[in-house]
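Note sheet for the following structure.
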Amino acid sequence: MGPQNRNTSFAPDLNPPQDHVSLNYSYGDYDLPLGEDEDVTKTQTFFAAKIVIGVALAGIMLVCGIGNFVFIAALARYKKLRNLTNLLIANLAISDFLVAIVCCPFEMDYYVVRQLSWAHGHVLCASVNYLRTVSLYVSTNALLAIAIDRYLAIVHPLKPRMNYQTASFLIALVWMVSILIAVPSAYFTTETILVIVKNQEKIFCGQIWSVDQQLYYKSYFLFVFGLEFVGPVVTMTLCYARISQELWFKAVPGFQTEQIRKRLRCRRKTVLLLMGILTAYVLCWAPFYGFTIVRDFFPTVVVKEKHYLTAFYVVECIAMSNSMINTICFVTVKNNTMKYFKKMLRLHWRPSHYGSKSSADLDLKTSGVPATEEVDCIRLK
């Protein structure tokens, strides 16, 4: 079957009438070295990359699926956990949880089982790509909102904090911006049959921009790169730099009680954790954006490299693994969510005559608390 006779932004153009396959590479996310004698998906390099990708996807499904479910369940059950920072973290948890249980199984089948061949139809192809893109932007925007919230709470403690209505508006804004910006990833996603080697076809699933839309694609990518990576990283870096100056290099006037010192240690621990998360975010996503820039704006640098497709998927895998770091840091380190979850399970299976006392002691009411309540370090008694 002859592929479409058009140049694309995410797949190469094949011209079937010719005796041999002619490639006109452009700005591709999933360009396959077509028409070569050797199937790149059968090489040892791709086999090793497939193992790495499979392990990473399995880790994402396990860590993000279970970890974020535990956090969401604990947050819904215990009002003590519901402060503004945790409400923002909940956005990360929800988006990563959806990716872990919805996207990753299909990606495991696409990358590892079928080795870059899609078998689930156009609707699921577009939906999986769209949901994964929305999750990335939600995570980025939520991390940015958390950094700004910490900045206002620590550097400007006397200014009024956000109330519940403002926090709800901010959370809605995080999702609306992410959903709207990611629309092109769904609109331009399609299935395309590509001939990798002679008489061997694979069904490509990804974004395809026609040759006359390359300028729009470049503009869109640069817009997203600035709005969802450079801008947030610079803003978060400035926020945490100013917070660090406030917590470590500013003398606290007056006598410091044990409670004040404990609060300061708590805030320092939280900020160190958040700076570590920012560092992990940059280390995971910078290679992905860097590779994409080189591939889309300087295509001759990579298209001649035999294993550049394998390299791209490994880079993409590293980027996706950032969700595991977020889950481990936010869910298990910061809030001791597992302790709350274990308490919840013990309470659920405890005999009924102990139920009322346990509920009162553990503060299990599901009514909300003010979004301005600050709990930097939560510990069970």
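Every residue gets a Cβ built from N, Cα and C, even glycine.
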Q) Do the topological domains in Swiss-Prot put ALA126 and LEU215 on a single side of the membrane? A) yes
Q | N-linked glycosylation site according to Swiss-Prot, picked from ASN24, ASN83 | A | ASN24
Q: Looking at the disulfide bonds in Swiss-Prot, identify which of CYS104, CYS125, CYS266, CYS284 pairs up with CYS205.
A: CYS125
Q. Considering the residues ASN7, ASN335, which is the one that Swiss-Prot annotates as N-linked glycosylation site?
A. ASN7
Q. What is the Cβ neighbour count of CYS125 (disulfide bond) at a 10 Å cut-off, with all protein chains included?
A. 22
Q: Taking the transmembrane segment (87-107) as the first stretch and the transmembrane segment (221-241) as the second, find out whether 3 or more Cβ pairs fall under 8 Å, excluding pairs closer than 6 in sequence.
A: no
Q. Near CYS205 (disulfide bond), which residues of its chain come within a Cβ-Cβ distance under 8 Å, counting only those 6 or more away in sequence?
A. TYR110, TRP118, CYS125, VAL128, ASN129, THR189, THR190, GLU191
Q: Mind pulling out the one from 52-72, 169-189, 221-241, 271-291 with the most Cβ pairs under 8 angstroms to the transmembrane segment (134-154)?
A: 221-241
